[in-house]
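For reference, the structure is listed below as structure tokens.
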Amino acid sequence: MDSRTRAYVPIDGETPEKLFERALGFIQNIQEKVKDKGDDGLKIMSKMITKQMIDVVFGSNAIEGAGLGLEETVKICDRIFRGEMVDPERDPEDEQASISPIALPKPTETRFAASHIIRSRREVVQHALALEYIVNEMVVKERLLSEDIIRETHRILTEKIDAPGGTPWRKYAGRYRHIQVHAGSTNFATPKFVPKEMRELIREFNSNIQEAEQNKTLDPFTLGAKYCNDFILIHPFVDRNGRVCRLILNAILLRYAGVVVALGEHDESRKEYLDIQRRAGEHMEGSGELATLVLKKATAKYRTIKQKLAGKRRK
């Protein structure tokens, strides 16, 4: 990675330049330790990344007021990432107490609607499967980002989950929208221009990657943040654009930076992320703040990985 093409906006504390230098130092140290430890080092890295991916699913769902509580999300995602089949519509009896508080409907007497609990469970299962898919395509198989990958990621994410307005999942899963959508004062791309803008986004992203790799100026943090932001401004789908953008962001980070970052995993993190995205949408302030947030979180993750490889407990 190189810092020459960075485009960050400071948000608090340490400057982006200092954070970037620290991140590079951690990466070099991690690479050395993994090499020294051989298979044991790879196993530690695999476990750490799996844990981070679980946090990604929980945080991304929490941002949207969806999913289950952390404990149940961990159980489900861990099984999926170990290759087990998980039934999204299992009897929800044991999930009732752990449904995400921000996703709770108003209780009827002392019980929550079983259909809502099943939907919350499916939101976790499908999110984990969608993350697993895009990581397999972009990281394991090293394929270039494409419209097909994005549409299939969205299809998996939304399988058997109808949109909030009542649109059946089969009518919008993996399909570009044909209606105008907006959020607050932000108007997204006109439906007829969505396919063209998505083609341009993919072309520009892959061109930027190729150029940066050739010139050794690749910065995954600014690149991931930029295209996460650009994707949101297009808003190609009827629903779940935010979750897809965060899946794309983390696939980019894992492939080119060896890390994933959870956004929205707790109240403060959720507010910080949403405030940044609101400013980016309302005032067209670009992706600089998001890039800095991603860099800050990635640096913290690198530090944790380094400590784990060294056999140290996190302070």
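Heads up, the Cβ atoms here are built off N, Cα and C, so glycines get one too.
Other Cβ atoms within 10 Å of the Cβ of HIS235 (active site), summed over all protein chains shown, number 25. TrEMBL lists HIS235 with the feature active site.
Residues or ranges marked as ATP binding site by TrEMBL: ASP239, ARG240, ASN241, GLY242, ARG243, VAL244, CYS245, ARG246. Less than 8 angstroms from the CB of CYS245 (ATP binding site) sit CYS228, ASN229, PHE231, ILE232, each of them six or more residues away in the same chain.
Taken from TrEMBL, the feature domain 'Fido' covers 145-296.
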Cβ neighbour count within 10 Å of VAL244 (ATP binding site): 24
HIS235 (active site) to ASN241 (ATP binding site) - Cα separation in whole Å: 6
8 Å Cβ shell about ASP239, ARG240, ASN241, GLY242, ARG243, VAL244, CYS245, ARG246 centroid, ATP site members excluded: SER60, GLU64, HIS154, LEU157, ILE232, PHE237, LEU247
Model confidence over the domain 'Fido' (145-296) (mean pLDDT, whole number): 94
Binding-site residues compared (ARG240, ARG243, ARG246) - highest count of Cβ atoms within 10 Å: ARG246
Number of other Cβ atoms within 10 Å of the Cβ of GLY242 (ATP binding site) across all protein chains: 21
